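Participant: Taken from TrEMBL, the feature Zn(2+) 1 binding site covers B:HIS91, B:ASP102, B:HIS201. What TrEMBL lists as Zn(2+) 2 binding site is B:ASP102, B:GLU141, B:HIS393.
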2 protein chains.
Amino acid sequence: MSISFTPELLTPSEQDIASFEALFRHSSAIGATPAGGLHRLAASVEDGAVRDLFATWLTERGFEVRVDAVGNMFGLITFNPDAPYVLCGSHLDSQPSAGRFDGVYGVLAGAVAVASLARQLRERGEVPPCNLAVVNWTNEEGARFQPSLIGSSVFTGDLALQDAWACRDGDGISLKQALQQIGYLGAGRVELEIAGYVEIHVEQGDGLERDGLAIGVVRDTWAALKQRIRFIGEQNHTGPTPMVARKDALLAAAHAITAVRAEADLHGPQLHSSVGRLEIYPNSPNVVPSRVTLHVEYRSPDTELLAAAGDRLDASLKAVAADTSTSYEVESHALRESTHMHHGFAELAYSVGQQLGLPIGNSVTVSGHDAISLSRHYPVCLLFIPSSNGVSHNEAEFTSDQDMRNGLRMLTALLYRACSTPNAYR
Amino acid sequence: MSISFTPELLTPSEQDIASFEALFRHSSAIGATPAGGLHRLAASVEDGAVRDLFATWLTERGFEVRVDAVGNMFGLITFNPDAPYVLCGSHLDSQPSAGRFDGVYGVLAGAVAVASLARQLRERGEVPPCNLAVVNWTNEEGARFQPSLIGSSVFTGDLALQDAWACRDGDGISLKQALQQIGYLGAGRVELEIAGYVEIHVEQGDGLERDGLAIGVVRDTWAALKQRIRFIGEQNHTGPTPMVARKDALLAAAHAITAVRAEADLHGPQLHSSVGRLEIYPNSPNVVPSRVTLHVEYRSPDTELLAAAGDRLDASLKAVAADTSTSYEVESHALRESTHMHHGFAELAYSVGQQLGLPIGNSVTVSGHDAISLSRHYPVCLLFIPSSNGVSHNEAEFTSDQDMRNGLRMLTALLYRACSTPNAYR
């Protein structure tokens, strides 16, 4: 026998919504670009400034703020020190000249949702079975420091702290040094028992907008194959050196870039590819380049297709190296398999959205998110709100105030259900 | 009626040769790389240090040292303030992780040759009809600041001082700022009446070594076509953005690089090509690149072939832009025609070499040199000494002590003839 009932939901007040909008405006000004975007690379001066803003905001509202050794910032609302936490969050860092919504929205909406629930629960004299917390993960973007998802991967134990610290930016500054410089190199781990993790993020695709939905519940993730490939040639004068004697690592890289794309072109929408970054040495107009590192990505809903594409790329690279008298090394090779997100948590989100009267549907994520790192370890729910025209990693990235308010209502209500009735999804 | 006679030649003493070798060793230590090369970019701290060494050396030997507004350093030996100067020199800057001979040899051999002649002429009580001077031209290499040949081009008036000052390195530092930082931003021009200019340089090819020659007299230069081409795409997320919607400026650049090489492959040894430098924005692994600038070079003995190759490249770029949904701009386009060097000066050099008993022959230069800038304005003689295996712009660049000594004898004797009997070549 099952009993059907409509559970009570808590949602943010008008004051909470105004508080979110002020916080978001303040964040958008830190690292703002003239075209209305955001340029706030991980552990930069601007990242330090928005972290200060975030920490102050949390402290003023009674959160306990803790920073771990990789710079992840946690804002804790502890009702019961022995209870586990329902955590929400995302990241405050951005890509170069990117949008002001990506990641930032999830952290600030999370902070306001938790603050709102803490106040309402206190007013109601209600002590839920789970505590609440919000997190800002370090270097989600992987723009200044590679790989991406560093903070959440250290938290889960998938990446060793020492390896994370040793990552260097293009100027040779390590992540550890950079965190120290902005004052966010914490000590040790922040040990939290995690009951569940909720991340709300802009979609970075146009599915919700196209379908007229306010909220997407991510059910599946695409697989990703990320490789760093280095061609090694020989430095020489671009003038007198006979063409037959050249070992041009940039020519090899150019052939590799076109080969990566040719592979994607074989598979239509089932395979996305890119080479977004090159490191070229010596990168001087009059010198044959001797070393070029390519950052190659393939993404697909089909993990097997990705692996096969990776094998074919390897054959192409061999041919390119032979044709250009260069050699190559695979410096790193990381295959992230496609996954299904936690079923019960997604179902709970779906029912909360329906109860709130929000147009809600299922989503797939092609992008990586901290939520995906965490989903291998904890029950995780990843929610999307619309991205205008699907534009992302671009100053023109846009999500309307109404869509952000809808997301904040959704997040607050879901966090309330998750912390007050954890059996609803586990 | 012609009278045949053997003119007297002055050559360096053993002490002069030892002095050159000490100076060269000292220079090689400033910006030395572990593999025995040199990394001494224009207007860097290392360039400042070698300039200090050079200025001190000259001053101690009675040269008047003057620095112009673009940082060119002149060491003057003035016998008669109303007489013109025979100038010699080259450049002390290097490519990244390059050799210690390229350019440096010509400046230091020039300084020692002029000092030797000044001393010998004084001892003989001889006042020649021309004065003597040595020069270190700023930023010949074009590695840190583009274009190359900046110092000599400002001296001749082919490049405006303001344009030279405004050149910026990859970190946005202008040449003017960089010169100021190392203390080599002089005031105004150094006005010199130039009777002739002599530059001695390592060959950067293997012609002399192959033919068993000690000295090459450059008779002809290759033409060069240098272009900076910028592809403009659209920044977007490398994950969810559908492949058909991408405007990937790096993919366009890759196709352009392979097209540049394909053109060269059509013409065998008559056409050299390269793309040695790219500037990529934002150059982040997860962002579709929106702007990529390519530094493209074609070189050929045949100016018409170069121009035709340039036209065909333009057609290729149009096709690449259409195929990749990008656009492109030609940011700069500079065609340097092939030239014949000054006939009389080359003949004089030839006869001096023969009189010294040095194996001497004709050379062609594929590389650009300050001498080529100056040859459009003054009688210029460009001499080569051998480069082992033709290797250049590489730490393995090498020229033997014996070859350097032969060059110093040749240069000293030629400068003596040029300043004492200017009618011998004019």
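Cβ from N, Cα, C; glycine included.
Context for these features, please: burial, neighbours, distances.
Facilitator: B:HIS201 (Zn(2+) 1 binding site) falls within a strand segment according to DSSP. Other C-beta atoms found within 10 angstroms of the C-beta of B:HIS201 (Zn(2+) 1 binding site) number 27, with every protein chain shown included.
Around B:GLU141 (Zn(2+) 2 binding site), a 10 Å sphere centred on its CB holds 27 further CB atoms from the protein chains shown.
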Participant: Could you round the CA separation between B:HIS201 (Zn(2+) 1 binding site) and B:HIS393 (Zn(2+) 2 binding site) to a whole angstrom and send it over?
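Facilitator: Cα to Cα, B:HIS201 (Zn(2+) 1 binding site) and B:HIS393 (Zn(2+) 2 binding site) are separated by 13 Å.
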Participant: Can you tell me the CA-to-CA distance separating B:HIS91 (Zn(2+) 1 binding site) and B:GLU141 (Zn(2+) 2 binding site), as a whole number of Å?
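Facilitator: Per the Cα atoms, B:HIS91 (Zn(2+) 1 binding site) and B:GLU141 (Zn(2+) 2 binding site) stand 8 Å apart.
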Participant: Below 8 Å Cβ to Cβ and six or more residues apart, same chain only. Which residues does that give for B:ASP102 (Zn(2+) 1 binding site)?
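Facilitator: In sequence order, B:SER94, B:GLN95, B:HIS201, B:VAL202, B:GLN204, B:SER392, B:HIS393, B:GLU397 meet the Cβ cut-off.
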Participant: What other residues of the same chain, not counting B:HIS91, B:ASP102, B:HIS201, have a CB atom within 8 A of the CB centroid of the Zn(2+) 1 site?
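Facilitator: Not counting the recorded site residues, we get B:SER90, B:PHE101, B:GLY103, B:VAL104, B:TYR105, B:GLY106, B:GLU140, B:VAL202, B:HIS369.
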Participant: Which binding-site residues (B:HIS91, B:HIS201, B:HIS393) come close to chain A, taking a Cβ gap under 8 Å as close?
Facilitator: B:HIS393
